[in-house]
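Copied over from TrEMBL, here are the features:
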type    : residues          : note
DOMAIN  : A:21-451          : domain 'Amine oxidase'
BINDING : A:41, A:42, A:428 : FAD binding site
BINDING : A:345             : substrate binding site
């Protein structure tokens, strides 16, 4: 159900800003508690960083898409709404283009000299051990937080890896996970992200990992089906522009009218939240945190061919590169293989570059990358689609916000802390699988419970 | 002249957003070229980060105040408007509270073991040499930019200083200059700031340095007198909320109406500029740069006494500490010494803490710091005033924005680059004395010339 016309002036118990998975989950949980809720969305669709698309007549996800077996909340939500999953295609060898050399592998790790492999294993174990040492609700309070947060991941990489192979591998990993370069991110924040994703093997893995499966018909359907269950339909094209707190309520001014609510849930990325006019009512740490959580930069691309020609060559359609503009590919063909589709990513600094390089240059760079990975058949696609998340007005980047050094230890405690009648959701606020759909769901569930608690306390006090 | 009532709808050649020193200078320069200009200001006053105040019946600067002999643009501007300067009081010894020990000194450097002094000199020379090696118009293009920008200043401090004294000294320096901790700032950005300020000795110095003198009646008068010279008066309480670019003009929607202009100058801090709705018309690098230039955190405090009691003890009223909440003090007494006034700063992480600690706790912390520096006479002030810049709605921090690691090399080139009909000013965009009044003036002069050039080109093309 949606509501598209006229003014939306109304009074509700809770107003939710943002109809991404986090906001809709929060609204459903609040409605289940008997509250009157309204969800305000800037776009003309639900889903936020989940976004439907088409290529060569087939449905695709232009936004988030994968699910791993650890992501129990997402798996349960999909099941509730009858959205089925199927395995990511991974038969055959992956192409690893690394330090200027190509190799084929049945693992996700590039072919490396023995000492580099050893170094990589040693380094990944060390990173995982450090990550798992963080307290999940307050990573900023870990012993030696100052040391971990005082440096970039790049600094750690340079100081701790024995070989240039390992260094380049970890740079590639950072681009793939956070859509930024290791120079941009706090080492502590990187570790927190690894902790949330249950370690690097799971985060990076296909079988048994975060890319194991995808959703038949697209992940974006889950938010659509969730939204359809709302008692009060999502209000579209109603970006929140100003939020004022009063003693007994909050007022949310949108482009389509004003909503008065007892409490508000802000379920959008921090950098977008910073653009709402809170009339200076937020505590200093919250405002300054939002000044310091930029979004990563990424362009998601799809290229379609008349058939998945790579499969005939014994290739999985997976490719990973340290140098190519489009540095990661997966097979995104329809289940019946009626055509061949590759999905790829231009991320981190390359995304900033190719976002402004022009449509043709970007398309050509992607096709060139695919050709380098999978051979000359890649030169002649039947269709091409890309989604430049770096310039999406209502995301301002993807997949997720990150923190530069020092931010977590100085301002991190404000991440989930309610500010009067304003509560914070969104995948960035999760304590597990932040940056993923699963984290978005967790944040929606948490924020609804938080509001129920506060309302309970307020009622008990009356 | 000011204009305070009614709608402000109008069409001008250039609209300037922000009536700080940069915006007003730009407007004056544009008017001098015969253009029709209007300056839009969110506050009910001009000056931005320059702000008048009073303590114990005396005028003070709650914002920027000092001038050094290198700051030729500011000195000239002050002279033009008949604002006189007088020397910062510096007779007597300074109190240096460092690593838990107090010492008196007639230099600005804490009393240290010989090896630490040697290390400090060596380190400062090294920093200056690196700073002066940066190309002034494009620091991101220096050889080894990736290495310098890939680390925090904290990382560099830890790797390059021999003694803990030097390390703590440089942390203190970072707090004083950028109002952030060394963990927050890119080493390359720190160097760029040092280059802009002509080296650490000049930046930190009183006699011959950036704190040599102040303005009789307050620095804020300069912007007031500049604004009074504008042909078209500043429009107050008109924050720019949305800016739309068209083929031939820009539209600026404010709280008081809409201004149509051929071009716009944005002369506010980047994080505030990011909160204007540009309807997604900015290039990716510009938007992402503004997501990544947070303001520093600082509270400026004044404490008044019936007389400058420290002078009788042979003290200058200068104090510097590595641990106290209020870690820098200067003598701010009126020239006739009719009472004693200390000016101090709570900065970086301490500012985030004391901004939320409550008025009484903050006041007490300041008085305790003054007492530790200058003795028990400091316990009984006759007046106290503070200005919490971290929570000023229309600055969102002070003195200046900084860049975390990686930001300058990935996004820095967008700092001054015009975006269609939108031009960027503000002290952050200066190539000399960025963060200072002098840099604000330079940016105003530069942006006016930039617009004149483009108009000239456009006219030549017709």
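All residue numbers here begin at 1 and follow the chain in the order shown.
Placed from the backbone N, Cα and C atoms, the Cβ positions cover glycine too.
Features per TrEMBL, on structure.
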residue: A:41; record: FAD binding site; Cβ neighbours (10 Å): 29
residue: A:42; record: FAD binding site; Cβ neighbours (10 Å): 21
residue: A:345; record: substrate binding site; Cβ neighbours (10 Å): 24
residue: A:428; record: FAD binding site; Cβ neighbours (10 Å): 25
- Message: Spatially, and counting Cα to Cα, which of the binding-site residues is closest to residue A:345 (substrate binding site)? Options: A:41, A:42, A:428.
- Response: A:428
- If we take the residues A:41, A:42, A:428 that the record assigns to FAD, their largest CA-CA distance in Å comes out at 19
- Query: Under a three-state reduction of DSSP output, how is residue A:42 (FAD binding site) classified: helix, strand, or coil?
  - Reply: coil
